[in-house]
Amino acid sequence: MYSMMEHELKTAGPPHTLQHSPGMSPPGSGVGNAHHVSKTACPPGVDPMDKVKRPMNAFMVWSRGQRRKMAQENPKMHNSEISKRLGAEWKLLTDVEKRPFIDEAKRLRAVHMKEYPDYKYKPRRKTKALMKKDNPVGKYPLAAGNLLASAVAQGQGGSPRMDGYGWGHAGGYMGMQGDALGYPQQLHRYDLSALQYPAAQPYMNSASSYSQMSYSSSPQQPSPVMSMVKPEPLSHSPTGVPNHHRGAFQGDLRDMISMYIPGGDTSESSNQRAYPGVQQHYLGGTVPLTHI
């Protein structure tokens, strides 16, 4: 059994000696060979030229050392602010001071063209520009342009909802004028119903009686504005009193009058004779002085 295991280990040993660790390069391979391997390591569906960076220009060559120096002096400064300051300093340099950096940029460009002869600069699209193009105004119904367009369309053709509420082409003022013109006729009906009230009621005050007398005595037709205001005190009173209730009202009035008339043994005939005078005092808004 041990002999079989030793035989298997001997057969499996030589292939391991031929393999190399991933961190070490095989013998005879240089830097150029490693560079070739990195170029072919891209996935098959991706263009290897997309991973290649542009050659640095003169400003990038100069700012490479200046940026590091400024970042060490101002650790809390943002990178965008550093770029602004470096750009302002680069513009202040003279052509003589820029010359060595320009020559270095030309050399780097020549090396780049030699290493990547098929390279073409392809600027990447900005994500913000794509978002604006992918979201046109038509996708949002509440945009300002769509609201203006819908308002113009409703102004030309009219809206069925607004027409149903009386705000169409004619406007809502026509209905209001018609309602205002219909108020005088309703006031006539109130005047006729006011004539059916009994002559005196125990809960009637001088203000309501005065308003009824002014309505019934006015011969001319009131204006629409006055007709909209005056029917309000009449809306709180009943529209009419049946004839069989008049006797009850008169009996209650006699009982109330008999409390103030001296001599409680007077007959009903004397109360009836005193009733018209007291009724006149109540209608006039004055209190009878017979009990004094």
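Here the Cβ of each residue, glycine as well, is placed from N, Cα and C on the backbone.
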Selected residue, Swiss-Prot feature phosphoserine, from candidates Ser25, Ser159: Ser159
For the DNA-binding region (52-120), mean pLDDT (0 to 100): 90
